[in-house]
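Quick look at what Swiss-Prot lists:
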COMPBIAS  102-122  compositional bias 'Gly residues'
CARBOHYD  Asn37  N-linked glycosylation site
CARBOHYD  Asn94  N-linked glycosylation site
CARBOHYD  Asn558  N-linked glycosylation site
CARBOHYD  Asn802  N-linked glycosylation site
REGION    93-154  region 'Disordered'
TRANSMEM  585-605  transmembrane segment
TRANSMEM  644-664  transmembrane segment
TRANSMEM  677-697  transmembrane segment
TRANSMEM  731-751  transmembrane segment
TRANSMEM  759-779  transmembrane segment
TRANSMEM  858-878  transmembrane segment
TRANSMEM  899-919  transmembrane segment
Amino acid sequence: MNTGDTPCKTSLRVTTWVDRSLHHLKLQTEFCMNMANRSHSQYHITPQDHDEDARGYLLNEPPAHGYDHDRLGVGTPPDRPVSAYSLTESYAPNASQLPPAGSGGFGDNGFGQYGQPQGFGGPYDRPLSAVHDEEESWMQRQQQPGGVGQAGGLRRYNTRKVKLVQGSVLSIDYPVPSAIKNAVQPRYRDVEGGNEEFMKMRYTAATCDPNDFTLKNGYDLRPRMYNRHTELLIAITYYNEDKVLLSRTLHGVMQNIRDIVNLKKSTFWNKGGPAWQKIVVCLVFDGIEKADKNTLDVLATVGVYQDGVIKKDVDGKETVAHIFEYTSQLSVTPSQQLIRPTGDSPQNLPPVQFIFCLKQKNSKKINSHRWLFNAFGRILNPEVTILIDAGTKPSPRSLLALWEGFYNDKDLGGACGEIHAMLGKGGKKLFNPLVAVQNFEYKISNILDKPLESSFGYVSVLPGAFSAYRFRAIMGRPLEQYFHGDHTLSKILGKKGIDGMNIFKKNMFLAEDRILCFELVAKAGQKWHLTYIKAAKGETDVPEGAAEFISQRRRWLNGSFAASLYSLMHFGRLYKSGHNIVRMFFLHIQVIYNVLNVIFSWFSLASYYLTTTVIMDLVGTPVVASSSAAEHHGWPFGDTATPIINALLKYLYLAFVILQFILALGNRPKGSKFTYIASFMVFGLIQGYILVLSGYLVARAFQQPISEQIKLDSSEDFVRSFFSGSSAGGVILIALITIYGLYFVASFLYLDPWHMFHSFPYYMLLMSTYINILMVYAFNNWHDVSWGTKGSDKAEALPSANVTKSEKNEVVVEEIEKEQEDIDSQFEQTVRRALAPFKEVEEIEKKDVEDSYKSFRTGLVVSWLFSNILLVVIITSDNFNSFGIGKSASVRTANFFKFLLYATAALSIVRFIGFLWFLGKTGLMCCFARR
């Protein structure tokens, strides 16, 4: 048989870990002949009639003739050729290709629907559709089988006794489903035949603080156990993102690892062992309570997680983190397609070493980083650690570009890539002004801000969503200072921890990544610097609603402001570093630049208001011709109406600024969503009006030829006329060039100008809201620092690991040992859930009672305050002269005081009459009262 380079060759390789019978080889050969002419598309192939065997294999359903009984257990499928079959067809709910429930070889073994044991006392004794609550369904799946089933009947499982490491550390290897281990390419199984890396998943219940997760205490990780050098540790931090966001990040990371493994001319990766063995991917989930349980199904499909494994405590000692380890070649795309290897194609994903850390309680992102650096980092000792937030999608070869920055610069301590907003298919999200504004903000930061700071050698913030650090550079003081913000260390650190911090320091740790950046550059005796790497790109979601946008920026603005002051106050520590005189010179320039930025930020509220009013006055106030000024008429509504409209807009501007203070001091953004949307609209309309007036002002300034305004006779005349002449031409030219021109020039030089056309107009309209709404809310909520650990009711219902003594007086845990067919059957359920089409649940905001009370209070205060302000303005302002309520402000003031005096007198007379009536009535009653 000569089929060329087909999957048949791969399937017929003799593996070292199993002895296949000749009968199986014959079946595989026949199957391969049918598969030889099929397309090798990686993602999807329309199922044909002869795909039935492949579909049955992927579903772990044996053929009618059954399988030989080998050491992998009854019903284990033979090693089939790897196809490009899309498991969405097989596992999607109500798929037409599915066989009837209970059919196949498993039905002969007493298995009922979906191949589950009859009478099984767990969540599988009824269809999952009956379990409406996702959380409840997940909790049921964690219970240990083997007891009396709720449906009646008794299912007995074999048990095994697992010895605890050093008498206290529970670490167990669990067999993975057949479909997962059979998906691994034989060439990797051959190489790794001496261990169980692809055969079993390792689970460790960590009952200690991250600082105590050490070899000395009995904890270990597979890459070190296999004596592998970890060059690159890629960390994905997760909070509550859905399975699409997690898959987007995870699949992007695996594709980037493939880029590294496929390097042909590398002088590093192709030496000293396979490249994939030098890379570890670590997922850290911040608590069971907040995690989307569908993401756990995705990880279980990849092989990194299994239901029914985790233990809430070991011998009464609470588990702090559940750690899973497995090496997999599987991935799930954001569109819920399962990616498997196809033959020996270079497009196959290489094996990826996974560490999945599921923290039992929510204890914030900084604690997740403590698990990463202090626990896993100290054991693996990587050269470079890359940090990625779940939801951020790294572009092709981006992780390689980040690593190359460290490889080519021995003094590089940290780096970040370009983060840009996810704009949706065809850029449809740009129709949302908030998304467009943030897109422009990200772009300009990547084009102007990051390159400038990178030139100085100190990037003020390496965003945690997409950045990298040299591990040995941040060890020591940088990490120690960084982790002072971890509230789980408050008891250990005492006054140096969160409990001993003032409100300024607590806000500083809202942007703790800025603290790490400064501490890294200022590290004593070292000359580490930070840089921006243009070739590394990451795509992330941005808030699309006003409430979410405001809440996000509160933390960013307060944290960055406090951290900026921290770096300025501690600038003297740079003199203890090892930077040379040239670097120190540029760092001094940078600190002056940062001081000016802080000052301008502090006075930005007044600056925006003064700019608005000055432009209105320049354009709207009519000017009579004189020897020093030309005649100007009020524009655009004429000499009479323009000043009145401008005055109303000024008052409206002030009113909405005051409204922001009232909202910020008492209301949640989600509780006042529509008020904030109205505020964005009002400030946007006023800013649009100002832009129109500015355009008119520019046109009016250049009515006089520029040659007459700016003298070119000599350099002295040019400087005098340009900067201090009576005309405004020079000043306007400076403004146009620095505000608009530089953005366009820099964007075109960067070869990325498109944001200037689709996002810049939105930014021009809403730029005042960054101060009037975002900064006002942030500063008014300076006290809002949320740190507390949130406990988990879900964790309380998890099973425990009860310790006993063996015959040899060893500390052991008795663990249920499932048969392979049970594992495969439950895996079928898992993949069904993982590959089901994602349906985004629209969050229905229900205003709670407290929000309704706060909204009423806000309305009451606003009505009271603004009505009083309106009265004062009407009485004292000359802008209301033409409304027929008085010839001038002085006349209205006099009339108001007359009215006030007469009204006060009248009310006093009424009170006096009432007094006389009461007095007379009391006297008369005294005379006629009975004694």
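Just so it is clear, glycine is given a Cβ too, placed from its N, Cα and C backbone atoms.
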Task: Cβ-based contact of the transmembrane segment (677-697) with the transmembrane segment (899-919), 3 or more pairs under 8 Å - done: no
Task: Winner by Cβ pairs under 8 Å against the transmembrane segment (585-605), considering only 644-664, 731-751, 759-779, 858-878 - done: 759-779
Open item on the list: What whole-number Å value do you get for the CA-CA distance of Asn558 (N-linked glycosylation site) and Asn802 (N-linked glycosylation site)?
Closed with: 47
- [ ] Would you kindly list the residues that approach the transmembrane segment (899-919) from elsewhere in its chain, counting only those six or more residues past its ends and only Cβ-Cβ distances under 8 Å?
- [x] none
Open item on the list: Under DSSP, is Asn802 (N-linked glycosylation site) part of a helix or a strand, or is it coil?
Closed with: coil
TODO: Mind telling me which of the glycosylation sites Asn558, Asn802 has the densest Cβ neighbourhood, counting other Cβ atoms within 10 Å?
DONE: Asn558
